[in-house]
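Per TrEMBL, the features are:
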TRANSMEM  A:21-39  transmembrane segment
TRANSMEM  A:59-88  transmembrane segment
TRANSMEM  A:128-146  transmembrane segment
TRANSMEM  A:158-180  transmembrane segment
DOMAIN    A:241-270  domain '4Fe-4S ferredoxin-type'
Amino acid sequence: MSAPKGRLAAQKWLITRRLSQLGFLMLFLSGPWFGLWIAKGNLTGSVTLDVLPLSDPFVILQSLAAGHIPATTALIGAAIVTVTYALIGGRVYCSWVCPINPVTDVAHWAHRRLNLPKGWQPARTTRLWLMVTVLAVSAATGTVAWEFVNPISLLHRGLVFGIGFGWTFVLAVFLFDLFVSRHGWCGHLCPVGAFYGQIGRKPVLRVSARARAVCDDCMDCFTVCPEPQVLTPALRGATGSTPLILSRDCTNCGRCIDVCDLDVFRFTHRFDATPAPGRVASKSRLTEPQP
Amino acid sequence: MPAPGFASSLDRRRFLTETARMAAGCAVAGTLLASFVSRAGALPATALRPPGALAEADFLAACSRCGLCVRDCPYDTLTLAVPGEDVAIGTPFFTAREIPCEMCEDIPCVAACPTGALDPGLTDIGDAKMGVAVLVDEEHCLNALGLRCDVCYRVCPVIDQAITLEMRHNPRSGHHAIFLPVVHAEFCTGCGKCEKSCVLPEATIKVLPLHLARGVASDHYRLGWEEMQDKGAPVVEGIVDLPDRLPGPGTDNLATPGGFAPEGAGDFAPAFKLPGGKP
């Protein structure tokens, strides 16, 4: 392994991301806590500074499936959110905004520290099936069905408006990710994340494994990545193939950038055509003679 | 022989098995979710929706549970249901006995609603139908007992329309009046101020949801006297107006002893006479 980065540099995007998550929460909490109203409402619908309406497009879609045509404000809000995430990556919502992300991140950290088996690993497409199921249940019951159980809004609304027994749902997600299934909730089941992934099929903001030629197979990125299947085509691609992580599952969390001691990864845009030669096989630590 | 689109019959088999597994799993998950949703979606009678709320079934399809109505309510009347309460999680409601609706003229909660779950067509708070007040317990209501409490009547924002005091005879004392509070649903908005201010430990007047508080007349019912007033004619044209059947001889009618005696009844005598001797 090459010389490790400084402690702070190795946490740069993680810290930025935590600040972002905290920041989005504080936008909503500054009102009820300090009387400073920036964003009113919660993640399913809000008004920022009394002018900017935002709505969760997945909630609006369920509402439509349930047979209600939302008023203009909600439709505009959903359109703004959709366009924004379509540009920066749908699942940026998951890693930079969603309040459940720190919960499952801590669960995964503990999961690794305890060296637990990865457990139940349903296919990554399960969440898409669940997303369709949620819409079907919305249509069948005439309700915004997922909002009855959605741990994201239970936690966020709970923190902003009062939580009741809502914390039990959050604890359930934590325990599920810790003991039952590695990356289970966000990586396999959450229909909200699946929906945002569908919005961001061709986002502009992407991570690139531009310096993949120097990769020494330490596997740190695969260990830390919540969606490790997205890394392989970019990192292990041959010269001529794109080093961009194009999978819609990628949450742009930047953890791979942080943990890589060789600075293989960086944020860029999807039109970035900087040449990135593939790896030279002999660089691999796996093939180096062991001392 | 592999099916078209699959490299081998094994691939095809795997595809079908995977699909069946997913579909079965989703059917189970969907059924659980649907049954939870239909249970959790029932609204208890004490929970009132904000003004302009769509009918409950439509409301659950429309409300995004954002809480903007709660934020813009100046009296902290509205809250979002938390898990553990019987109201659909995250939806806004109020409990009249705790904090009633103050019926703001500009209806800020409706103005704040981004989805239309609170109908923007409600522009006059007097047209709101959050519920209807019902005098549920005449056995304890002080006015119904013949005392002069009158508090529900006095606090009503639509006084003398939504609640009136109807003077009745007090049969207990024989010579006093009862001023019975009577709710007129046409004018009652269901704000809950009467329930909130009822002086008894448990309110005897309560705001109930419309479906509990109100009966519904059959579609084909016509009230003859209203038709007469509207049309100036009986509800059925050409109806033959038969003479009213008056109590005849032999009945025990005290008001007109002897009753209607037709011509030629002869020497018929009523069965009894009033004291004083008049026939």
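Placed from the backbone N, Cα and C atoms, the Cβ positions cover glycine too.
Segment contact is absent for the transmembrane segment (A:21-39) and the transmembrane segment (A:128-146), given fewer than three CB pairs below 8 angstroms at sequence separation of 6 or more. Beyond its flanks by at least six residues, the transmembrane segment (A:128-146) meets 58-59, 61-63, 65-67, 189-192, 194-195, 198 of its own chain at Cβ-Cβ distances under 8 Å. Residues 1-5, 10-14, 16-17, 88-92, 94-96, 124, 197-198, 200-212, 214-216, 218, 220-221, 223-227, 229-231, 233-235, 276, 278 of the same chain sit 6 or more residues outside the domain '4Fe-4S ferredoxin-type' (A:241-270) yet have a Cβ under 8 Å from a Cβ within it. If one looks beyond the transmembrane segment (A:158-180) by at least 6 residues along the same chain, the residues whose Cβ comes under 8 Å of a Cβ in the stretch are 25, 28-29, 32, 42, 99-100, 103-104, 106-108, 110-111, 114, 116, 119-120, 149, 151, 186. Across the domain '4Fe-4S ferredoxin-type' (A:241-270), DSSP assigns 5 helix, 5 strand, 20 coil.
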